[in-house]
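A.B. asks: To start, I am sharing the structure in question, which I have written as C-alpha cells.
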C-alpha cells in the first residue's frame, strides 16, 4: 500500500514560521536579551491559533476570528491591566456567534434547495412540451433523483448517504456520519472543530487526482477509503495525530485513483482506514 506524506503546503510553512519565531524568542531570553513577558503567555497561544486558522481559511473562518478575539482580550486584561469586564459575557456571546453561524449556513442551504426545486418545476413543464428528458434537473427533495449536482444541501443532515460530487462538511460542536455514493467525486472541504466527522468513501469513485481540504481543530476525523486508492496525506500535524490504518494488500494501486489530503490537524486526530 502506497503511503505518501508531505509537509509542503501553506499550513506547514505558516506553522514553521511560528515555531521559528518561538525558538528565536526563547533564545533571546536565554542569552539575556529583553523579551516582553507577555509574548510567552497562554493568551498568545490563542492568538497564534486564531491567526493560523484565518490564514488557512483565507480570513473567512469564524473560529479563527473568535480565537483571535479571545486571546487578545485576555492578553490585554492580564498583561496590560485593561479590564473590560467582559468575562461574564464571553460564553453567551460565543453561543450567539455559533448560533448565528449555524442559522446562516442552514438558510443558505434552504435557499439553494428552493432555487433548484423551482428550476426543476420549470424544466418539468418544458419536458411535457417535448423537451429532452436529459435536460431535466433533478428534484433535490426526491432522493431517487439525486445525482450530486447540489454540492451543499445533501449535507444538511448529520448522517446518511450522499450522491454529491463535491464534499462540503462542517462539524462544529457536533458529529457527522456520512457515506458518499458519488461515482465522480471531485474533491471538496471537510472541517471538524470541537466535533467529529466519520466519512465512508468505500462506495465512491474518482476519475483522476482529486484534492480534499481537511481541517481538524480540537476534533477528530475518520476517512474510510477503497483499498485501491492512492491516498496522499499532505497535512500539517500540530500537537495532534495522523494514523494510516489501511490494510496492506498485494493488489496494485490504481494510478488514476489519487486522493490528496491537504490542510491542518490542530489538537485533534485524523485516521485513514480501508477494508
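Every residue number used here counts from 1 along the chain in the order it is shown.
Any Cβ shown, glycine's included, is placed from N, Cα and C.
TrEMBL feature annotations, pasted as is:
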- 12-28: transmembrane segment (TRANSMEM)
- 14-109: domain 'LiaF transmembrane' (DOMAIN)
- 34-52: transmembrane segment (TRANSMEM)
- 59-76: transmembrane segment (TRANSMEM)
- 88-104: transmembrane segment (TRANSMEM)
- 127-157: region 'Disordered' (REGION)
A.B. asks: Go ahead and report the DSSP secondary structure tallies for the domain 'LiaF transmembrane' (14-109): helix first, then strand, then coil.
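C.D. replies: Reading the DSSP string over the domain 'LiaF transmembrane' (14-109) gives 77 helix, 0 strand, 19 coil.
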A.B. asks: Would you kindly list the residues that approach the transmembrane segment (59-76) from elsewhere in its chain, counting only those six or more residues past its ends and only Cβ-Cβ distances under 8 Å?
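C.D. replies: Contacts with the transmembrane segment (59-76): 38, 41-53, 82, 84, 86, 90, 94, 97, 101, 172, 193, 217.
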A.B. asks: Six or more residues beyond either end and a Cβ under 8 Å away: which residues meet both conditions relative to the transmembrane segment (88-104)?
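C.D. replies: Same-chain residues near the transmembrane segment (88-104) but 6 or more away: 62, 66, 70, 73, 172-173.
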